[in-house]
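Visitor: Per TrEMBL, the features are:
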TRANSMEM  28-53  transmembrane segment
TRANSMEM  73-100  transmembrane segment
DOMAIN    74-270  domain 'ABC transmembrane type-1'
TRANSMEM  112-134  transmembrane segment
TRANSMEM  146-163  transmembrane segment
TRANSMEM  195-216  transmembrane segment
TRANSMEM  252-273  transmembrane segment
Amino acid sequence: MTTATLAPDRSAARRSARGGRRLNRYSGLGLGVAMLWFSLLVLIPLTAVVVTASEGGWSGFWDAVTNEQTAAAIRLTVGTAFGVTLVNVVMGTLIAWVLVRDRFFGKRLLEVLIDIPFALPTIVAGLVLLSLYGPESPLGIDIHNTRIAVFMAFLFVTLPFIVRTVQPVLAELDHEVEEAAASLGASRFTTFRRIILPSLTPAIAAGAALSFARGVSEYGSLVLLSGNLPMRTEVTSVRILSSIENDNLDSAAAVAAVLLAISFAVIVILDVIQRRVIRRG
């Protein structure tokens, strides 16, 4: 009787470890609808981009992505996105910490303001940044038509991602574990490094992936702020648009495919890190 009772429990545990129950008629229908919708919105368009990029052959693809102006745009975009993501990892985690652990006047307002980059059209974000950091800046700071402007635009549009992924995880952490570590003589830094940070790492990795992907795709806020100067402040999204306007769709698709591959690789790497940390935890 004991064996018969335990067998279903073990079977259920194995099913849970594999990710859930077996498909039945209704869940299979739901899966089919979900995959069809995902294919229409994501898979088919991405496949179309890759197919278009390959229409000119390997030599045409290589020439498109190694063009001096295009290569400069890719380096600027990817490098800036990496730098901004690193800044967001630090500052986003810090802002999330302040919002969860501290009480201060204006906290509710800050909670709302964090999401402003989500709500604003990116062209409006560019206008806001231009008004503050452009030729007529009230602060006397003019970064218009510089690479710093590109960095600032990326920072603005990616700010909320790590804050919003880390915040709920931080709110759920057990304070008693931290208190126990402190009672055993652990410093605040040691407690953060050994207890808090490992718990936050999956959320930070998820937010970093979103931040990077959002950064490399940015266009609207850069139109006004960066000047889109070739070899200086031109990013890949602007370069792609320029190719399309010049009726060079193959070149535009090639650059888009490179960005897609880079973004996918970064997301996969961060996902692997996230899963390994979860398993160790």
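Residue positions begin at 1 at the first shown residue.
Using N, Cα and C of the backbone, Cβ positions are placed for all residues, glycine too.
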Visitor: Quickly jot the same-chain residues contacting the transmembrane segment (146-163) by Cβ under 8 Å, restricted to those at least six beyond its ends, or write none.
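Guide: For the transmembrane segment (146-163), the list is 76, 80-81, 83-85, 87-89, 92-93, 95-96, 99, 114-115, 117-118, 122, 125-126, 128-129, 133, 203-204, 207-208, 210-211, 214-215, 218, 221-222, 225-227, 232-233, 235.
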Visitor: How about the transmembrane segment (195-216) with the transmembrane segment (28-53) - do they touch, taking at least 3 C-beta pairs under 8 Å (6 or more apart in sequence) as contact?
Guide: no
